[in-house]
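Colleague: Before I ask anything, here is the structure I am working with.
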Amino acid sequence: MFTIKLLLFIVPLVISSRIDQDNSSFDSLSPEPKSRFAMLDDVKILANGLLQLGHGLKDFVHKTKGQINDIFQKLNIFDQSFYDLSLQTSEIKEEEKELRRTTYKLQVKNEEVKNMSLELNSKLESLLEEKILLQQKVKYLEEQLTNLIQNQPETPEHPEVTSLKTFVEKQDNSIKDLLQTVEDQYKQLNQQHSQIKEIENQLRRTSIQEPTEISLSSKPRAPRTTPFLQLNEIRNVKHDGIPAECTTIYNRGEHTSGMYAIRPSNSQVFHVYCDVISGSPWTLIQHRIDGSQNFNETWENYKYGFGRLDGEFWLGLEKIYSIVKQSNYVLRIELEDWKDNKHYIEYSFYLGNHETNYTLHLVAITGNVPNAIPENKDLVFSTWDHKAKGHFNCPEGYSGGWWWHDECGENNLNGKYNKPRAKSKPERRRGLSWKSQNGRLYSIKSTKMLIHPTDSESFE
């Protein structure tokens, strides 16, 4: 452009100068005939100007062509990005439709489960009432039979009485089987209801977070945990025949380890795992076997329980207190190290209520492993979000809630599960460990904490 402007400026000057020379010559000289061709100098100037103009135009064309190529490349990149974004938008819309369909199905299923749960509750209450009536009738018949036997000891039992007793026993067994079936179905419904609620919450969070702009990157989600103990509560069940403790269940003839419903005095009904050891029933309050359950939980979860009774779990401080306040109890701790060596120790103990932060006071009785828990001292329970005075960073340092004294010590059966066995001492201290004051440090693979009343007859 600059060259063109320069030529446009030079050419008029040359022409003007030439005209002036011609005029001056015309004035000073006699008229001469004009030449038919331009002067040689003028031709050279014009040729030089045109040459420069050509070079300038050539440079301009090359530069313009490069700019056009850059523009086309950017347009191609933009087209590809737009196409990719369109595909992602279509995929997101399809996923959203699928999520909405799934949400609708889950809502329908949830309503069905709710209706089934209400129906089962109604049936369960009616069955319990019928059982109470039948028990009263059986008791009345037994009293009549006793009177008949006492009044007529030498008279053989009447066939009708025998058949009546057999019929009543069969009815009672049938009702027991039916109640057990209803409780099993109730457990399954509770589990399904919890799973449906969890899926609904995930879908609700997904629908709330609908994208206002499309991003090509996504952030990973943090893993979730299941804080509260599943399959462990049945509320609003009113029946005096529910046992208060595992010993009662055992005394009624149930000699198999498993999950059972109990209702301690002045407490709600909940499920426990009754573990029969050498012909004696124990209530399992803690179990660690494989690290599948996170034990670095909050105070609320330690208070009411978490995990699964058929796996790793903590029964809950409030439930433990509701059991042990009924009588004097023994605490049994079973340990298994990574060499498959099994150890145990038993304590007589006292557990306070929530106002004392569930203070534990114990004395070792027997066992085949040295005691590692301070005796005759008030041990206060602490978690990372509920620390007792003097515990400072004990829950964080040991990755779980536990009973501590003034010092943290090196014992915590609710610590982090190290799998496989931790090599360094700091890692072993943060995990499941057991160490007496002057003894060796045991790195633990599995643990059980169980309780049993000292006076079993009081629960018959």
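Cβ atoms are placed via backbone N, Cα and C, with glycine included.
Sharing the feature lines straight out of Swiss-Prot:
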{"type": "SIGNAL", "residues": "1-16", "note": "signal peptide"}
{"type": "REGION", "residues": "17-207", "note": "region 'Sufficient to inhibit LIPG/EL phospholipase activity'"}
{"type": "REGION", "residues": "17-165", "note": "region 'Sufficient to inhibit LPL lipase activity'"}
{"type": "REGION", "residues": "32-56", "note": "region 'Required for inhibition of LPL lipase activity'"}
{"type": "COILED", "residues": "85-210", "note": "coiled coil"}
{"type": "CARBOHYD", "residues": "N115", "note": "N-linked glycosylation site"}
{"type": "CARBOHYD", "residues": "T226", "note": "O-linked glycosylation site"}
{"type": "DOMAIN", "residues": "237-455", "note": "domain 'Fibrinogen C-terminal'"}
{"type": "DISULFID", "residues": "C246-C274", "note": "disulfide bond"}
{"type": "CARBOHYD", "residues": "N296", "note": "N-linked glycosylation site"}
{"type": "CARBOHYD", "residues": "N357", "note": "N-linked glycosylation site"}
{"type": "DISULFID", "residues": "C394-C408", "note": "disulfide bond"}
Colleague: For N357 (N-linked glycosylation site) and N115 (N-linked glycosylation site), determine the Cα separation and express it in whole Å.
Modeller: 40
Colleague: Nearest by CA distance to C408 (disulfide bond): which of the recorded positions is it, out of N115, C274, N296?
Modeller: N296
Colleague: Let me make sure I understand the structure: which of the disulfide-bonded residues listed (C246, C274, C394, C408) has the fewest other Cβ atoms within 10 A of its Cβ?
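Modeller: Across C246, C274, C394, C408, these disulfide-bonded residues, the one with fewest Cβ atoms within 10 Å is C408.
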Colleague: Hey, does DSSP put C408 (disulfide bond) in a helix, a strand, or just coil?
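Modeller: Looking at the DSSP assignment, C408 (disulfide bond) belongs to neither helix nor strand, so coil.
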Colleague: So what pLDDT does the region 'Sufficient to inhibit LIPG/EL phospholipase activity' (17-207) average out to?
Modeller: 77
Colleague: Within 10 Å of the Cβ of N115 (N-linked glycosylation site), how many other Cβ atoms can you find? Include all protein chains, please.
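Modeller: Result for N115 (N-linked glycosylation site): 10 neighbouring Cβ atoms inside 10 Å.
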Colleague: For N296 (N-linked glycosylation site), identify the closest of the recorded positions N115, C246, C274, C394, judging by Cα separation.
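Modeller: If we rank N115, C246, C274, C394 by Cα distance to N296 (N-linked glycosylation site), first place goes to C394.
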Colleague: Cα-Cα, whole number of Å: N115 (N-linked glycosylation site) versus C274 (disulfide bond)?
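Modeller: That comes out at 31 Å between the alpha carbons.
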Colleague: What's the most sparsely packed of the glycosylation sites N296, N357, counting other C-beta atoms within 10 A?
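Modeller: Lowest Cβ count within 10 Å among the glycosylation sites (N296, N357) is N296.
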Colleague: According to DSSP, does C246 (disulfide bond) fall in a helix, a strand, or coil?
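Modeller: In three-state terms, C246 (disulfide bond) counts as helix.
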